[in-house]
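**Q** Sending over a structure as structure tokens; questions will come in a sec.
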């Protein structure tokens, strides 16, 4: 019997004892991100003091007997977790507590992601791909990117896939079509209540969504704010933030990059340098992207903005710019 040689990727996951990581780790080890022909050298990191919880995560991963999980270590050393990695999933972040202003949250997480970026700069492979999940995600990603100048700025991504998935589902349900009939779902800007779920680009059964769903009032005043505020709605209903859906979205976001489908559009917060839409450089901004044969991505060019979308994009841009200014001295 001839054994097929597998490639191996070294992967770090932070916030390893949290809810999102708990769901994501099993998808990762199963092959949902890198495919069934790729073995994984997995490092799961969380803060000192969480060793016992990390050991429980390790037990469960071991007990799953995943064939693709070549090696596994749990650690409270960020340097150990990031040593020689090909990819990092930065999930851990400080949550917003009672009475905490957004500026306080930005400062606290700014310190966390400054450290993580600095460690990645020293320890990760130069071509490592970095996926940031911890909120406020665009600004956290920007901080990490700027603290890791030895890494390619184009390899930093902040997650907008959950917003894309939410919009995808709402459009499909409204049009009463299967999910795979909805394509070109685009989310611009910041992952916040000022994100821009752009229904004007979406297609339903190959036709513009605005033709299939002719009720513009529903698109602008029901669907649009529903996507913007979905995270808060989940917290209000469940008592906890999105976890399973966020983990699923993270796996899909990474898979779109590592195992792309021809012509697939995906929304991602990426470095805005030299973008085709006039967004200022040196931001992490949500754009529609697609993968190229070279393994790099491009921002999908030439998409028109109507007056409604253009105004909403400016609002989101203003928010990201203000967040950047508030942490730029970290």
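All positions are counted from 1 along the displayed chain.
Note that Cβ sites are derived from N, Cα and C of the backbone, with glycine treated the same way.
Dumping what Swiss-Prot says about this protein:
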{"type": "BINDING", "residues": "15, 16, 17, 18, 19, 20, 21, 109, 116, 133, 134, 135", "note": "NAD(+) binding site"}
{"type": "BINDING", "residues": "96, 102, 135, 166", "note": "substrate binding site"}
{"type": "ACT_SITE", "residues": "191", "note": "active site, proton acceptor"}
**Q** Compute all pairwise C-alpha distances among 15, 16, 17, 18, 19, 20, 21, 109, 116, 133, 134, 135, the residues listed as binding NAD(+), and give the largest one in whole angstrom.
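**A** Taking every pair of listed residues, the largest Cα separation comes to 20 Å.
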**Q** Looking at the recorded positions listed here (15, 19, 21, 116, 191), whose Cα lies nearest to that of residue 135 (substrate binding site)?
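**A** Of all the candidates listed, 191 is nearest in space.
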**Q** For 17, 19, listed as binding-site residues, tell me which one has the smallest number of other Cβ atoms within 10 Å.
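**A** Among the binding-site residues 17, 19, the sparsest Cβ neighbourhood within 10 Å belongs to 19.
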**Q** Since the record lists 116, 135 as binding-site residues, which of them has the fewest other Cβ atoms within 10 Å of its Cβ?
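**A** With the binding-site residues 116, 135, fewest surrounding Cβ atoms within 10 Å: 135.
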**Q** Which of 102, 166, 191 (the recorded positions) has the most other Cβ atoms within 10 Å?
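**A** Most Cβ neighbours within 10 Å: 191.
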**Q** Could you measure between residue 19 (NAD(+) binding site) and residue 102 (substrate binding site) for me? Cα positions, answer in whole angstrom.
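**A** Per the Cα atoms, residue 19 (NAD(+) binding site) and residue 102 (substrate binding site) stand 22 Å apart.
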**Q** Which number gives the other C-beta atoms within 10 angstroms of the C-beta of residue 21 (NAD(+) binding site), all protein chains shown included?
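**A** I get 26 for this one.
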**Q** For residue 134 (NAD(+) binding site), just count the other CB atoms lying within 10 A of its CB, please.
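**A** 24, counting other Cβ atoms within 10 Å of residue 134 (NAD(+) binding site).
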**Q** Provide the number of Cβ atoms within 10 Å of the Cβ of residue 15 (NAD(+) binding site), excluding the reference atom itself.
**A** 23
**Q** Round to the nearest Å and give the CA-to-CA distance linking residue 166 (substrate binding site) with residue 15 (NAD(+) binding site).
**A** 24
